[in-house]
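Worksheet: the structure to be examined is printed underneath.
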Amino acid sequence: MKKRKIGMALSLVLAAGTLLGACGKSDNKDTDTSKGGDKEKAFSVAMVTDVGGVDDKSFNQSAWEGLQKFGADNGLKKGQGGFDYLQSTSDADYTTNLNSLARKGFDLVYGIGFLMHDAVDGIAKQQPKTNFAIIDDEVKQPNVASVLFKEQEAAFLAGVAAALTTKTNHIGFIGGMEIPVIERFEAGFLAGVQAAKPEVKVDVKYSGAFDKAELGQTIASTMYASGADVVFHAAGATGNGLFKEAGDLKKKDSAREIWAIGVDRDQNDMGPDVVLTSAIKRVDVAVVDIANKAKDGKFPGGETAIYGLQEDGVGLAPINAKAANKDAIDKAVKEWVEKIKSGNVKVPGTRDELKTFSAK
Amino acid sequence: MSKRLVNILTPIFAVILGIIFGTIIMLVSGYNPIEAFIALGQGAFGDVYQIGEVVRQVTPYILAGLAVAFAFRVGLFNIGVEGQFIVGWLAAVWVGVTFDLPAIIHLPLAILAAMIAGGLWAFVPGLLKARFRVHEVIVTIMMNYIALHTVNYIVNTKMNQGSSKTAKIHETASLRSEWLSDFTTGSSIHWGIIIAIICCFIMWFLLEKTTRGYELRAVGFNQDAAHYAGMNVNKNIILSMVISGCFAGIAGAMEGLGTFGYMAVQGGFTGVGFNGIAVALLGGNTALGVFFAALLFGILKIGALSMPLAGVPKELVDIIIALIVFFVASSYIIRIVLERFSKKEVK
């Protein structure tokens, strides 16, 4: 009986310890923020990643690189009052993260990815004094700037490059989740292949996730095994499995001609021997652009900015020098860029538009 | 030293050891552990908003923990809480979206639907175990995948309202309240925590105070003895799985009716069900223990979100959680140490 009481007392002391410790911390924090508020008037900016994380080698990383560049250009420091990021591990974290950053007094907070639509919408109402920006979706709020890309145009060029490279006339496409953004990639890519070489067959597979590299590798392995020799991914960190698989195959048999095409940023660093090119989506450009506008007091709240080839918001990375017909590809890509920029060719952005698409 | 005291002290020591080892890892990898823990503390208790978020995160953890713990007390490993959680979530949202009823009927109906869905999902492995002795671990793991992909399919094709998610549930089925949200300056806290606490009580009452609970526990201690004593082992196995699934289903309802108000296509497992295993383990499979363990996990998870602001990767918290689970699982060591101490005292 006595011992039980001691146990109770001990656990009470422990519990009290945690609670009191917590109080002390919160006091510190309060004084911190109030000081920060008075002293700092510099423009500060932060972003929330989706579940891919800040080092996903594509989408989120590109945004973070943009933010880092903006920070360096303006002499900001990483952290509160400068530039910073928070990562989300599940959908439930988006709201919490966005709100935390707004509360920390960041002037502009980015939600990276369409998955954050509802979270940005909700928090923008709650925090009318903070400016928000969402990438890849539209949120109609006076303090939210929306950023969309014409991914189909970059994917179209990737499709042209893939079609001109394949020897087996068999190409693969690995998508992340079946959402409008990835559908734009798919439609554009298929249109590009069709425009350059109509007889090429394209396998389209969706992994259902942006953060499952092992799944990406499995799909890539099946595609290569079934005869595809060029595979394009639009699947964020899932696509890292594609590069792993392509690299492994190349290591086993260096004579085998297989290629992978990256997405979002120039993913040449993922496998200099196997990455043919990348469909670049300059999330970093858009991030810096919006941040600069906001800093100058011209934040495009309530507006939707669309970045395409014309705006240098999307494009194709340099073709790998090891590709046999690099010159021919470069030439073809250049021609298509002109046609798209001049408006002669409208690249389809949905599967329905793809059905009626014909390249002349 | 009494057995009860050892049972209480073991998880506490596991947590302390986990934090100590986490600190060592931080020191070795060149991060400042004090800053990290301050950031963690601020992230979890910085202001009333953060506390609201912690409570929101704790709610499904409690229920998932109860689900695992309940099955465990009857000697079953329900690894399928994740799947039961997902089907419960969908069922709750489906009722929330489809029907137009007054709140007093709508909300309980949505929760009931989640319970039934979760219960049914757990009934299958329970039945297979009872009738054919198929191991429930394997069946439940596989059922997780079936749940994930079936639910994704349904959300994508049958209930899709654009951008791969369902419509918002009607206000009458929502657990959210303006008042709670305003009180915590706009956090996503909801009334689910009350339901979770009630479920803790139900679990305790069911297992400790009823004949049925006595039978269930007897089956957990020794199936043969229970059988010899004239208890229907098979019936109790199925029953325990179903009740466990009901808890998991309610956990899903918390996300569907509270946190989100809709269901989106899931790129992968949410992790709530798997964290439930850790919560149950840390909580010693008792209702009260699960409550405190869920609280700790919620604090760690929400607090960790703010850690990058202190320059510490939040993956470190995952390491600390893993270490805590490790030490609980190897509680044998802690028990031996504690027993040594108590023996010395006696001398």
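Placed from the backbone N, Cα and C atoms, the Cβ positions cover glycine too.
Taking Cβ pairs closer than 8 Å, the transmembrane segment (B:12-34) reaches residues 282, 296, 310-312, 316-317, 319-321, 323-324, 326-328, 331, 334, 338 in its own chain, all 6 or more past its ends. What TrEMBL records for B:12-34 (among others) is transmembrane segment.
The transmembrane segment annotation in TrEMBL covers B:54-72 (among others). A Cβ distance under 8 Å defines the sequence-distant neighbours of the transmembrane segment (B:54-72), meaning residues of its chain 6+ beyond its ends; these are 44-45, 78, 81, 84-85, 118, 187-190, 192-193, 195-197, 199-200, 203, 207, 220, 240-241, 243-248, 250-252, 254-255, 258-259, 272-273, 275-277, 279-281, 283, 285-287, 289-291, 293-295, 297-299, 301-303.
According to TrEMBL, the transmembrane segment annotation covers B:79-97 (among others).
Per TrEMBL, transmembrane segment is recorded for B:103-124 (among others).
What TrEMBL records for B:136-155 (among others) is transmembrane segment.
For the transmembrane segment (B:189-207), the residues of the chain that approach it from at least six positions outside its boundaries are 52-53, 55-56, 58-60, 62-63, 66, 69-70, 73, 111, 174-177, 180-181, 213, 216-217, 243, 247, 250, 253-254, 257-259, 286-288, 290-291, judged by C-beta separation under 8 angstroms. The transmembrane segment annotation in TrEMBL covers B:189-207 (among others).
Sequence annotations record features per position, and here TrEMBL assigns transmembrane segment to B:237-254 (among others).
Sequence-distant neighbours of the transmembrane segment (B:260-282) (same chain, 6+ residues past either end, Cβ-Cβ under 8 Å): 11, 14-15, 60-69, 72, 79-86, 89-90, 93, 96, 144, 148, 151-152, 155-156, 159, 164-169, 174, 176, 248, 251, 289-290, 293-294, 296-297, 321, 324-325, 328-329. Taken from TrEMBL, the feature transmembrane segment applies to B:260-282 (among others).
Positions annotated as transmembrane segment by TrEMBL: B:289-310 (among others).
Annotated transmembrane segment per TrEMBL: B:316-338 (among others), in sequence order. Cβ atoms under 8 Å from those of the transmembrane segment (B:316-338) belong to residues 1, 6, 9-11, 13-15, 17-19, 21-22, 25-26, 31, 36, 40, 278, 281-282, 297, 300-301, 303-304, 307 of the same chain, restricted to positions at least 6 beyond its ends.
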Range from B:103-124, B:136-155, B:237-254, B:289-310 with the greatest count of C-beta pairs under 8 A to the transmembrane segment (B:79-97): B:103-124
Other parts of the chain folded back onto the transmembrane segment (B:103-124), taken as Cβ under 8 Å at six or more residues beyond its ends: 67, 78, 80, 83-85, 87-96, 139-140, 143, 147, 169-175, 195, 238, 241-253, 256-257
